[in-house]
Amino acid sequence: MAKSQIALCCMSHSPLLNLPGPAQELLDEIDKAIAAARDFVAEFDPELVVTFSPDHYNGFFYRAMPPFCIGTAAEGVGDYGTHEGPLDVPSDLATDCARAVLDHDVDVALSAAMDVDHGTVQPLQKLFGDATAKPVIPVFINSVATPLGPIRRVRALGAAVGAHLATLGKRVLVIGSGGLSHDPPVPTLATAPPAALDRIVRGVPMTTDQRQARQTAVIEAAREFASGRGTLAPLNPDWDRAFLDIVDSGRLAEVDGWDNGWIAEQAGNSAHEVRTWIAAFAALAAQGEYVTENRFYRAAPELIAGFAIRTAVTT
């Protein structure tokens, strides 16, 4: 069997891309960058997609919070107007991937009924128009629910997935979804009120009113943040650019020593979503040296995020 061809697209996500508030100029600039990534993906024409993505207490909860999980079946929950319903997950390929990762000494959970949110489906919809357009293996990386594992294990996960993908004889696109610096209003075990605690621990479904209230709160938090008010940690463009330089230049081993507390202190609690980028780039790097092509970055307070996009192929 011929060796697989692997390509990469990493991009930030934001529910605010689908909500009122951001300036049209900002949305137009991001749409232009996404269009370039979409053209890259269309030209590559993947036969299989592997997503590395976080969750925002929509599919994974403290009742059992794995560091990593591979889905053999998955459904979008439809949050913030994103895709609701099943994804096209090839269960046999996903199971084989999980088995290969375990054989590479990386402990990964398996889900035969994974729920995924905008962190997974928004990039699929932006790149393909439809979240079900391509067969996809979803890989969850806990990036929110502390305590978090060491970054070096994320790189090991990506490398193990990449080593397996190389054996499939397919054109495979790996997607990393999230980041960069940002600190949105996310409940924690220490601070969540009772209703939110029931959700993040037990997965108690949100009512329609609760979902609407959360959406309104996110819009208001972004409005305050963009105007320089509120209590959210500021974006850190310098940190973002330093991280992008690391992935652009293939110096992935440098992240192995990063301290989790340092990441949150420098770039916000949800900056840990860069774990998805690290895993995706590690999967690509398992094929050899690579070069990044489409490069976009903008600090976007209106999205409460340092918003970035990268595409890459092996050389």
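A Cβ is built for glycine as well, from the same backbone N, Cα and C atoms used for every other residue.
Annotated active site, proton donor per Swiss-Prot: His118, in sequence order, evidence recorded as sequence analysis. As annotated by Swiss-Prot, active site, proton acceptor applies to His182, with the evidence given as sequence analysis.
Of all the active-site residues listed here (His118, His182), the one with the fewest other CB atoms within 10 A of its own CB is His118. For the pair the residue listed as 'active site, proton acceptor' and His118 (active site, proton donor), the Cα-Cα distance reads 16 Å.
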